Amino acid sequence: MGQCGITSSKTVLVFLNLIFWGAAGILCYVGAYVFITYDDYDHFFEDVYTLFPAVVIIAVGALLFIIGLIGCCATIRESRCGLATFVFILLLVFVTEVVVVVLGYVYRAKVENEVDRSIQKVYKTYNGTNSDAASRAIDYVQRQLHCCGIHNYSDWENTDWFKETKNQSVPLSCCRETAKSCNGSLANPSDLYAEGCEALVVKKLQEILMHVIWAALAFAAIQLLGMLCACIVLCRRSRDPAYELLITGGTYA
């Protein structure tokens, strides 16, 4: 029964190490996705510390690849030192992922206040030129999220750009995709996106942080199983000094 249990633990452990390699790629992708998306919305969110969970996720992803390599070698060779190192590193990564989850929730709660403070400034500095980074950011968000203004299109009437142009219109990025003849005129509100951008930007950023949180939780659970299997192998060897290696001279014990 004990031999069957240890063999099963090793099989699961090798399989988990292969999963760790896949997880490494997924975590790095999630972290990179956060960076890319943040670059599109950075004008609406000034707190760069929000990127910290993404940085940690990428670092954890790189470390998981190394862990998978150590785990496979240690499991196949039944190296006591290797397995102990494997468990220790997994424990460190697990604690790190718990920190990521906590930080993710902390920054997720701050998103709404951060966006509310930043978006007011961005809309005030809009000048309608493609050379201005803030203007490009607003046009990009309005097209991508299908929104107009902070709370609705009427917010544009309070901007310096609207007062200077004096043509009673909003940026063309406010035009609905289906309104082919839209010129941004407030006289035709049905051609404009009715929803404001602030709520949608908040929702988008919170969704991104939730991706990070769920990725960290999912792989933390897998790592717990990996630590359990490695501990079973280690405990078996410590209780039974005569226990043979799983693979000895090319044959299974």
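Yeah, the Cβs are placed from backbone N, Cα and C, and that goes for glycine too.
Thr11 and Val141 carry different topological domain names in Swiss-Prot and therefore face opposite sides of the membrane. When Cβ-Cβ distances under 8 Å to the transmembrane segment (12-32) are tallied for each of 51-71, 86-106, 213-233, the top count falls to 51-71.
Within the set of glycosylation sites Asn127, Asn152, Asn183, the entry lying nearest in space to Asn167 (N-linked glycosylation site) is Asn183 (CA atoms). Shown for the topological domain 'Extracellular' (107-212): DSSP residue counts in helix, strand and coil, namely 65 helix, 4 strand, 37 coil.
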